[in-house]
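So the structure is just underneath, and the comments pick up after that.
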């Protein structure tokens, strides 16, 4: 591999992140507007979870664009190659933003899973108090905060990272990323624990959410107090949350497995180096579309906005006029 070919994907990644940033923010802000203005009363409590997830995903999109990092594993170190606007503020800011990026990504996954847990508890108990809702949301920030804080308790030696990276990847042209950052010792307690939290989150969150989703659907089917329409809308929402939970599995597990393979064998996987950062935040770009489709009031609002949904006010007027001729008292009963 020549030094030139090692950066052949970079122009495409640059274009992607521009589309990702402006498109992602637009869709998330549209979703936030729908949550605030089109949520029916039945979604009043659920709205807190939706707003929380939307807010976190806006931050994640911003951090992904701010860093635009490429991940380059070494034998005993890990290089983070930023190409985003963070470079204007120096290596320390880029490395700090990278930690926040990982922490917020974990918090997004926990937030979506937390929404499913809330639906499960609401169906079982009938009502969840407002204080319990805020407690549930607050608890999801604990693992994420630990993931963010841990690296700041360890020493940073970017010069050593750069030296080791150039030695282990002599054919790579890394000048476009200078001065890049990273972990100089991946065997440290801080790096190991933070990585463990992220791995547990990637595997445990979908597993637990999948189980709870099946339980939620079972409870909805057994609920005799719900109308058929409410049951269908509730199940549709549950399916949407399940999609949001399992989307990260598709994005995370393949690239994470390739990263472990590259770390253990020292085999350079150029595409995976870029995809590791891209796919961690990619679900935040897609999630609004899942919400637009699976949350029925939002879908109806968008269809109404683009005039794709057939409205029935004319039919209602005709029916009322027809009935009024036969029985005027139906129209004016007072």
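Each residue, glycine too, has its Cβ placed from N, Cα and C.
As annotated by Swiss-Prot, transmembrane segment applies to 15-35, 46-66, 98-118, 133-153, 191-211, 241-261, 276-296, with the evidence given as sequence analysis.
Only sequence-distant pairs (6 or more apart) were considered; of these, at least three Cβ pairs between the transmembrane segment (46-66) and the transmembrane segment (276-296) are under 8 A, so the stretches are in contact.
Same-chain residues lying 6 or more positions outside the transmembrane segment (133-153) and placing a CB less than 8 Å from one of its CB atoms are 45, 48-49, 52, 95-96, 99-100, 102-104, 106-107, 110-111, 114, 117-118, 183, 190-191, 193-194, 197-198, 201. For the transmembrane segment (98-118), same-chain residues at least 6 beyond its ends with a Cβ under 8 Å from one of its own Cβ atoms are 45-46, 49-50, 52-53, 56-57, 59-60, 63-64, 67, 69, 80, 82, 128, 133, 136-137, 139-141, 143-145, 147-148, 151-152, 181, 194, 197-198, 201-202, 205, 208-209, 212-213, 216, 238, 241-242, 244-245, 248, 280-281, 283-284.
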